[in-house]
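Asker: Below is the structure I would like to discuss, written out as structure tokens.
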Amino acid sequence: MGATASQLDKGMLSEYQELTFLTKQEILLAHKRFSELVPKEEIDRINCRIPMSLILTLPELKSNPFNERICKVFSTSDIKDGSLSFDDFLDLLSAFSDSATLEIKSHYAFRIFDFDDDGTLGRHDLEKLVNCLTGGTDDTNLTPDEMRQLIDNILEESDIDKDGTVNLSEFQHVISRSPDFVSSFKIVL
Amino acid sequence: MTSFLNRQDSYQEYDYFPGDAYPGDHHSLRLRRLSSGRSIHNIPHYNPSLSDGGDSEDDNQGQPRELRSLPRHMAIKKAKLKSRGIQVPVLSKAEMWKQDKLKKLQKLQNKAREILFFLALWGKTLQKIGGNFGGGVQSYFLFLRFLVILNFVSFLLMAGFVIIPSLVFRQVGVSFMNSNSTGEEICTVYEPNPPGLVVFYDYFLNLLSGTGFMEYSFMFYGYYNNTMVEDRNFSYKIPLAYLFTAIFYFAFCLICIVTRMGSAARVAVATGGSTAVNYSMIVFTGWDYGCLGDTATKLKQKNLLYRLQVDLEEERLKKHAASLTLLQKFGLHSLRLLMFLLVLGLNIAAFFGIFYATRYSQAQQNQSAGIQALFYEYLPSVVISAGNFLVPLLCDQIAKVERYSPSITVIVALLRAVVLRFVSLGVLLFTLWDQITCKGKINDLKCMLCGYNYESYPCWETRVGQEMYKLTLFDLLINIALLVLVEFPRRMVVDNWSSKISQLVGRQEFVVSSSVLGLVYSQTVVWTGALFCPLLPLINTVKFVILFYCKKITLFSNCRPPQKTFRSTTSAFFFLVVLLLGWMLASVVLIYSIAVIRPSLGCGPFRFSDNMWSVVPKSLYSLPLVTQEFLFFLGSQAFTIPLFSLSSLVMFYVIALFSIYGKSVRLLRQQLKGESRDKQFLVKQIGELSQ
């Protein structure tokens, strides 16, 4: 299970093709990029994990404001440190590929935005989300009043059962009305 | 408990939900139903034991596809694969090949789109401007780019059909046809190049005012002759080409503007105008994960920040306006009425100033020479520019008192300044017409002989062309002068000298409405003058390109980011509406010059006709009989009246369609609201039933 030293055998390749939205070339490219990141001493270990700091050096993820959340969501490590194995890496690329379905993308987008991992988007999650979108530093944030007004508006528009949080189906309801979500939720190596 | 389970089954049977519009929604709600025995709120989503999740996905791609659409980790998917005992690979070679080709095609399309964006004129610059200064300023530069392309294409039109044939025929040395002139001999005398030595600086003065060596050149109408070339199977009449090119140029510009307006209007209608702002949409779907690099990311973040701030501010203002008491509303409206009257008064004062200045300059022009003559020639332009500078400035201060919302403020400022600019141009044209046709009275002493004021205007078309050329040039010089003499010093003063005054004044802000007005004004001048000065579109293209770079430089060096931002979609539409107004003004001038005024006898391709349009009927008679009959039929009443009634029918139908679409958009929006209320009700029901 998982990637061995430097080769992917044919069986595993077709298995990955079956289980992800990636083509053969994309899987091979992912393997190549992943192997470049593995530190020299671990290159022969089966199922090695790359720490989050190394993953974030990839140019596609480096300046993305959600990069840490993405790593944490796709990581299967027990200590929840955001480290990714090759399987996790493929999961990530599959969800962000251009043939992934709207359901997959919206599911993972919801989990990425759920900063406290409680299954819903509460006020704190939405506040952190907006700060990520606008810049995160003091002079690029909205004022507290504007933030409150914005979050009130968002909850009024999308919180259908009026419980003060946005759950997965409400989130997917909003997403399904947007025509270019699928094309913007895309990372290609 | 059992009754509840039965009810659950009955839900599954009757399938309450209205449709499969949102399969994902449907699916996840069904998940909720299945697990409703455990809890209603905060359902654990990541429970891998829900093994039915994979099977109810879209099955249209066949059974083996399901596993990849399962939002679980790879280990779980592998386990499922094993548990199903399906041998890998399952996909046939043909299907895999098809998938591969589809992906390659998509990649090609994306690459093509990227290249097209790269090739688009100034694409990167516009993106940079949009990121740093917001959508409003970017819409000004987009508008400028549109005008540059429009002017360049019009120049190609003119060059292809009028200038190059004239050049070729002149070189070839084709003699032009001389029909018998019916007027007096004196009317045909036209001496554009004064004999004798000229002072050296006269060349420079001539360049600025279009006289002297520039007058009898391809620049102006007077140079073209009514050359007619006839070969065995090829004939080309310059007068006809000239006329039809001018008319087609106007029609082409109209089509371009209306098409662009159509796409802007479609966006406005689809989003329901400015009333339906969807914050959740912006926040949840606004980020582009393909953004690479720090600069692109920061640009996108700034964009999003501006967008959110604009929308929030508009909403705040709307709430504030709606919350005023009746007395406050009355006070506000009466204040606005007072300001409107004040603005009207200012405009009228400006008009009279321009009128008297133009009259005075026309009177003085014939009695002076050298630098003084130049001054009198440019007097109308100076007064017009001064008026166009001062009055909007005052209007801006007035607008601060009126306290409209940001987008409405821009539109109101635009409309006010538009009225001023167009009527000032109209006053100039009116005084010219006044002089040329002796106030329209043909029997006046000066105009009786030739049909126009021969003494002052031996070739009046060239003269009108020269006026338009002067206006264009002066506009450009003023813009550059403002840049160098006002904006750069202002920045240097504010940056280096920290006193209270400089703090108060601050770095300047890029005012979009007055800049757009400048563009519309220049374009109207070019349209008015295109008939008389065929090279004017080319000059305008060069001028707009210079203007683009000047404005870009001043934007990045001297301006601060706007404090107040405004929505750019509706304002882009308004820019085009104002441009259309300018087009209408220019087309009135065109129709009048073609159909009514007698062309000069001394110059130009129409010198032997009563009016420019009469060349067309004359050449019609040389066409074969069938074509003649057909064209006469087109012009007759038997054709135009049915055509008119048919077009009115089509127009009524389109208007009806438009109102129906508006109604259905409103209805759908209400349905959406109703649906969300239904869901709330159902959730409440489920909650009650589970207790």
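Along the chain as shown, the residues are counted starting at 1.
Quick reminder: no glycine exception, Cβ is built from N, Cα and C everywhere.
According to TrEMBL, the protein carries these features:
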| type | residues | note |
| --- | --- | --- |
| REGION | B:40-69 | region 'Disordered' |
| TRANSMEM | B:142-169 | transmembrane segment |
| TRANSMEM | B:203-224 | transmembrane segment |
| TRANSMEM | B:236-258 | transmembrane segment |
| TRANSMEM | B:337-358 | transmembrane segment |
| TRANSMEM | B:378-395 | transmembrane segment |
| TRANSMEM | B:407-433 | transmembrane segment |
| DOMAIN | B:459-568 | domain 'TMC' |
| TRANSMEM | B:471-489 | transmembrane segment |
| TRANSMEM | B:527-550 | transmembrane segment |
| TRANSMEM | B:571-597 | transmembrane segment |
| TRANSMEM | B:630-661 | transmembrane segment |
Asker: Hey, does the transmembrane segment (B:337-358) touch the transmembrane segment (B:203-224), meaning at least 3 C-beta pairs closer than 8 angstroms, sequence gap 6 or more?
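Answerer: No, the transmembrane segment (B:203-224) and the transmembrane segment (B:337-358) are not in contact.
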Asker: Give me the mean pLDDT over the domain 'TMC' (B:459-568), rounded to a whole number.
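Answerer: Taking every residue of the domain 'TMC' (B:459-568) together, the mean pLDDT is 82.
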Asker: Assess whether the transmembrane segment (B:407-433) lies in contact with the transmembrane segment (B:630-661), where contact requires at least three Cβ pairs under 8 Å among residues 6 or more apart in sequence.
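Answerer: As far as Cβ distances go (cut-off 8 Å, pairs 6 or more apart), the transmembrane segment (B:407-433) and the transmembrane segment (B:630-661) do not touch.
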Asker: For the transmembrane segment (B:142-169), name the stretch out of B:236-258, B:471-489, B:527-550, B:571-597 with the most CB-CB pairs under 8 Å.
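Answerer: Answer is B:527-550, with the largest number of Cβ pairs below 8 Å.
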Asker: According to DSSP, how is the domain 'TMC' (B:459-568) divided among helix, strand and coil residues?
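Answerer: Going by DSSP assignments, the domain 'TMC' (B:459-568) contains 86 helix, 2 strand, 22 coil.
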